[in-house]
């Protein structure tokens, strides 16, 4: 009875409904502005909502969380400037679609699929939270290391035409992520005596520069080129289109829930893996991947919304945050005298079901707000360059400065912008470098922890990959990824495809 009350009560409380809607609208705006992260907004809300009742504070924070993850994809699709790391993959095909005049259709379908991914994550959170959490707890540092390594290898397939360029850009990103103080020993790495490098390079600064500033510089090569007129007659996707892509959205959403349930990962890793999975599994996309395949937008967006529900699983059942925002929500629960973990579901089941209810309410609000705002968002791409480019630069500077209130970060952003311009000019994708900076710390810290667990011995370290079933599976996936990116494998696949086509023609 207490569980039922916890689930239904928010839907009967006008104040909580209003706070969720306000949170979703604020989250969409925060997520769409590069540099203004959902984590930052949630942290500020903790102090703002300190005197409030717990349910009211959770309503606002959950609304911001749901809206912020979605909002990051808006600027990624329209301007090729991701508002958040989880939205990087959405821009690979979303921005080419927008340049073809399909921004309305793309955002409309992404909105619907995002809701589907979010609802899938909520359903699994409600039904299988304890089971999934117990599995996530068994994932060892070596498995996180392998996941990060897999992500780096996947970078080769999402770069420009040459996978070597993608891996090279990703490797440079990993090296840049090592700059600064070693989190394990406290020693300085690659600072060359420069005090401004001691704090390291913030990945958000790099992301804004490599995507935002480089895009502005690239657009200035042809300042008089006008944007394609956007077609806004198909904003709400029809059922045929939705069900056509439903299996892909389901696979990606489930992958997102699983990745989200692994502490320390999150929507950015989930979106990257889902994009690669879609690229490998979709045989006949509407358009080649990287040139405007709608499947390349659906997969990452379903995954990173599914990761929201996944991130709450270890938080509510084990007291371990799945990502930065759930870590902040743990703080909110502690402030109000509650301790997340196994006892929370026994002693305070109403809180567990209230959070599920708030996430569900947030997705309903997002569906309405998202579809009502599509026309407004789609018109952004038609704004003349003399107006939109200065606005992008100003927002990039404000967003970068707000991270640490540091002008040094602004100069780093400009430097990365110039670097990104030359990378694009020589056909190097900027996304792998950003993803390398993001995955670098995950790779570094978990390699250290895995080595320490076997006493710094190499043979036991490698033997662990064979003994553990999950580690063995991930190792085999990595071996496959390495082989699949060789010219021999590509030629073999090409010959196999041509032979199959010849047989079908003869039949």
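Glycine is treated like the rest: Cβ placed from N, Cα and C.
Summarising the annotation, TrEMBL assigns domain 'DUF112' to 18-435. Feature annotation from TrEMBL assigns transmembrane segment to 20-46, 58-79, 115-137, 144-160, 166-183, 195-213, 312-335, 351-374, 386-404, 470-489.
Confidence for the domain 'DUF112' (18-435), expressed as mean pLDDT, is 79. Ranked by the number of CB pairs under 8 Å to the transmembrane segment (166-183), the listed stretches 58-79, 195-213, 351-374, 470-489 are led by 195-213. Long-range contacts of the transmembrane segment (58-79) within the same chain, counting only residues at least 6 positions beyond its ends with a Cβ under 8 Å from a Cβ of the stretch, are 10, 15-16, 19-34, 37-38, 41-42, 45-46, 49, 86-88, 90-91, 94-95, 97-98, 103, 106-107, 110-111, 114, 118, 212, 215, 267, 297, 301, 304-305, 308, 325, 328-329, 332, 354-355, 358-359, 362-363, 365-366, 369-370, 377-378, 380-381, 388, 392.
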